[in-house]
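Written below as structure tokens is the structure these notes are about.
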Amino acid sequence: MTCGISCVDKTLNKSFYHLGICIAKHPGYFVIIPVMITLLCMTGYQQLKYQIDPEYLFSPINGEGKAERAIVEQYFKVNYTHRFNVGRITRPGRFGRVIVIPKDGDENMLRREVFMELRMLDNLIQNATTTYDGDTFTYKDNCARWENECFENDILNLDVLMDDIESGQLNLSFPIMFNPVTWDAHAFPVFFGGTKLTEDNYIISVPAIQLVYFVTADTKRQDAKGAEWEETFLRVVGKAEETGTFKHISVSYFASRTLDHELEKNTKTVVPYFSSTFLLMGLFSIITCMMGDAVRSKPWLGMMGNVSAIMATLAAFGLAMYCGIEFIGINLAAPFLMIGIGIDDTFVMLAGWRRTPAKMPVHERMAHMMSEAAVSITITSVTDFISFLIGIISPFRSVKIFCTYSVFAVCFTFMWHITFFAACMAISGYRERKNLHAIFGCKVQPMSVAIKEKRNYFYKAIMAGGIDPKDPDNPIDNKDHMFMAFFKDRLAAVINNKWCKAIIILAFASYLAGACYGVTQIKEGLERRKLSRADSYSVEFFDREDDYYREFPYRMQVIVAGALNYSDPEIQYHFENLTRTLEHTSYVTSSLYTESWLRSFLSFIDRNNDYLNTTIDDEADFIDAVKEHWLFPGNPFSLDVKFNEDESQIIASRFLIQAVNITDTNHEKEMVRDLRKICKDSPLNASIFHPYFVFFDQFELVRPVSLQAMVIGAIIMMIISFIFIPNILCSLWVAFSVISIELGVAGYMALWDVNLDSISMINLIMCIGFSVDFTAHICYTYMSSKKRSPKARVREALHSLGLPIVQGSSSTILGIIALLLAQSYIFLVFFKMVFLVIFFGAMHGLFLLPVLLSLFGPGSWQTWTGRDDGSDAEVDDSLTDMKLAHVLEKPFAQSYYMQYPSMGPYGSKGFLGAPYKAYGVDEKDQGLGTSGEDSSESSSSRSQRRQQQLADNNAPVTEQPPRRYEDPWRRSSYQNIDMYGSTGAAQFKPQTDLYGLQLSAAEWRQRLDAHEQLHQRNKQRRSQVYDRDMQRVRHNSHGDVIELHTPTPHSSLDERMRRQYMQAQLSAGSGDESTYRQQLDASILRARDSSPLAMQVPAGKRYHRRRSSEDSTRYHQRWPANIEERRARRTQSPSQRHSHSYIETAAVPARFAHRSISHHNLYQPNSLKHQQQQQHQQQPPTYQYGDY
């Protein structure tokens, strides 16, 4: 499944390798420069532009509501100073509202004592003094006016009739009634809430009454004065309510600045938790970065990881402010998230450091650490960067601003961690190199030395640590992490149990079912009350408004733009038809509440045509009649008709309809969508508007925008994961996990009382990046494992990533715990959704993906057939058997040549073409995101395991370094061999087993005979080209001096050397074959004089080349001699045969080192003494054909 796109991985590894060396050699620069840049960027806080306008932040930038408002204001701009009408406003303006309910137990507000206190409240509000810019004024001085009269709550004039109302002598008719004393037209639905009526529409009781106060806001100065008056209003009413001024009524209050205040309070409430969060995260980092070894513990590095994230966030915010980007309160959630991201990178880099041998120099350890952590921290940062980048294209400014600041923060966090934090690691590495205590800085002894010297318990428990340079592989100084052992031995055993797998799959199915149900229950839109704190005075106001004033909530305006001839009966018909169509919807009440100037004017003309004696048949007569009889200044209908400049034509008009029984945000969304569709379908150029429609537009946009962002994000995350981890199957599992996690977050957020709005959309976009981390890393580790058994792969994946997943998820949740304490819906949504994505991501990584990969991943046939024994045998163990089966089909096809693996830091490549570590080829990458104490076995642990395997097989314990280094070379080279007649074999391609073949003894013998005949023919052919003079010295492909005392055929190397010499001599005009041989003989003498060791060691020992297939079978017979032995071998597993062969080789010291896959000796004598001992051992070559 490995694909060829590995250039990104190679480039990152190589670049970070050199960066690690540079940082280790000059750590001071990488500490000082980030600090200086941070201080420089922090000066940008002087350019802070704080934005708290709710409409600016939470309404769509180009919403239909804003376009409709522009049309209304183009023709019917509100005049607060002289022509104010509350039903015809286009913006909320500056106002104060109170909703009053009784608090003495009687639900009816129509009582004299209640109206007396309402008059007291009204006088308190109107007489409150306000000062602005040296000007002192009251409500009456700055109130909105209609025909030079302040807007007043005429419902209070019912107090003159209260005696008759209480006695029952006067019944109030709903919805409109004229006061017989003051001649006021009381529109009861405007003031009364939750009214109970008789069948004849007479009022029985009124549980709530609202009073409204508007001030002028035509100019900027008037708007500023109005804002100051609102502050006075909130202060006066709040004080009266808190001090218990009223005995019979309870007052809740609200003003246009209330939401601004609440957004500002949200910002202030989370600030005090910054310090506590930093302390909590610092403590967590210190504890998790410590271990039993006092030298290799990294407590201060854990703290510096927090410092790096904080510095990066401060620098990022300062630079964003320098760029002129507005700052909003929601941005304060970003530092908590960045700390979580930074700590995850800290764990990854520390894990990479611990996987490097302590014997290496610091600069090499830094290079390998940076190279190993490159893909992990880069893929995490890139996915977070891309997810926030997707949010920048959102139509909501709150989302754009937050994601912009987060993009800066993610970039700076990444840069600061690979520079500042890496430099801190280098400094800590030099401390560790000197074996200094991690906390106190004093030099201490390793645990093994402390035990030998019998140091006291206190010293061994607190002070001892590090490794002994004389015995660096001592198991006492190289203990495995107990939590990693728990995930490998305990949790993996549970997951590998078939019944537990069934339970996990059933739990996942239940999870998906709950998520799908939750998706159907999603409510859309950001309710105004959720912008307020839970203990805010506005929450009570919003609750009362929902309880009592949802029956008649919105007075909507329908605008017909364009020059029309309203005297035309067809235009009148279309106008009336549009009005009736709207009235007949379920969202609009009856025509009794409609205000239509055209309908009322035509009705007036019909009733009084005989008296008026006017005609309206043509446009000029129609306009004259309208002006004369209907649109006089005192009539509110005069605000609904717009004439052209010479008033000869009507260019726009409007009428008002009343919404009824709108219960929630989903109902509001449906109402706006359906009413707009009716207006668009009309032949008239009609549009409908209400000031709150600007906010309702988010209901229409938030779902498609969120879905679009999630789909695009999932596709991009899959592409990114494929680029960094070029494996198709791994990318598909990552995409599946992202979709599953996003579905779970979207579904369960609805069940957790979170609406789909601009705030939750921020989190959904952000969660796309967060959902990749755990899943991509666990998939990569499982897929890159060389274990044949799915159970073994699960163990290896959990051993590598079990602890890091728990550490990463815990650190992120701890980082956002302060948002839960802020008592703000905005920050509570952040906590809920980040918690959901982290929890679901961890559960997918720890439980679901290991189960699914074991059932549908590489080697899953063993799980389904019940043949998965959980052994630690690797895929490469069966290559010898498969090669034997392949040779049966094609004897000796390319059997004597294999590509020699190139050496060096980037010579041999592994799963993704990444460089093998120079400090040990057999150590493998444990996966992305690893942040445990030690993610690979220590050298002592591997030694103990090999010794235990040998002991279990009753074989002598003999360490064989050549075998240790030869096997990984052999494995890596197998990946480059065309064993199946095709190129580029897949990494996880299923390979046939020799022991699945059913062959009889006769068939075995027939194949052996054919093999022997072919071998004899090849031997005869090669003997004809033997060179006459083989007593020469030459160099092999390793550059070693070799000497032959036996006839040897010409090699391609000899021929190339001879041809190059002859061509060079002929071009110079001299030279022949004899000259070449003379110079070659002279080089033999010089080589012998300069290499005493070469003279001491017998030539037969120093050079051994396989000349024919006979050498491989002369002393180690390829096939069993009898049928019983063949049957016994067929019943053994490949791992058993491989182990047995290894034990036999270890038991008998070999004269020659094990051969590499290139058929050259990996001649690695342990010492000169060992070589001298082998001179006296004359044994035949010990090359096994099946030991490739």
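In case you wondered, yes, glycine gets a Cβ from its N, Cα and C as well.
In TrEMBL this protein carries:
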| type | residues | note |
| --- | --- | --- |
| DOMAIN | 270-427 | domain 'SSD' |
| TRANSMEM | 273-295 | transmembrane segment |
| TRANSMEM | 307-328 | transmembrane segment |
| TRANSMEM | 373-393 | transmembrane segment |
| TRANSMEM | 405-427 | transmembrane segment |
| TRANSMEM | 499-520 | transmembrane segment |
| TRANSMEM | 705-725 | transmembrane segment |
| TRANSMEM | 732-752 | transmembrane segment |
| TRANSMEM | 758-780 | transmembrane segment |
| TRANSMEM | 801-827 | transmembrane segment |
| TRANSMEM | 833-857 | transmembrane segment |
| REGION | 923-970 | region 'Disordered' |
| COMPBIAS | 937-949 | compositional bias 'Low complexity' |
| COMPBIAS | 961-970 | compositional bias 'Basic and acidic residues' |
| REGION | 1097-1143 | region 'Disordered' |
| REGION | 1166-1188 | region 'Disordered' |
| COMPBIAS | 1170-1179 | compositional bias 'Low complexity' |
With a cut-off of 8 Å between Cβ atoms, can you find at least three pairs linking the transmembrane segment (499-520) to the transmembrane segment (373-393)? Only pairs 6 or more residues apart in sequence count.
no
Do the transmembrane segment (705-725) and the transmembrane segment (758-780) come together with 3 or more C-beta pairs under 8 Å, pairs six or more apart in sequence?
yes
Please work out which recorded stretch in 273-295, 307-328, 758-780 has the most C-beta pairs separated by under 8 angstroms from the transmembrane segment (373-393)?
758-780
Under 8 angstroms for C-beta pairs, at least 3 of them, ignoring pairs fewer than 6 apart in sequence. Is the transmembrane segment (405-427) in contact with the transmembrane segment (307-328) by that rule?
yes
Leading contact stretch, 307-328, 801-827, 833-857 vs the transmembrane segment (273-295) - CB distance under 8 Å:
801-827
Determine whether the transmembrane segment (833-857) and the transmembrane segment (758-780) share at least three Cβ pairs under 8 Å, counting only pairs 6 or more apart in sequence.
yes
For the domain 'SSD' (270-427), provide the mean pLDDT of the predicted model.
88
Against which stretches of its own chain does the transmembrane segment (758-780) lie, if we need a Cβ under 8 Å and a gap of at least six residues from its ends?
57-58, 330, 337, 344, 376, 379-380, 383-388, 390-391, 394, 396, 398-399, 402-403, 406, 526, 698, 702, 705-706, 709-710, 713-714, 717, 720-721, 724-725, 727, 730, 733-734, 737-738, 741-742, 745-746, 749, 797, 801, 804-805, 808-809, 812, 825-826, 829-830, 833-834, 836-838, 840-842, 844-846, 849-850, 853, 927-930
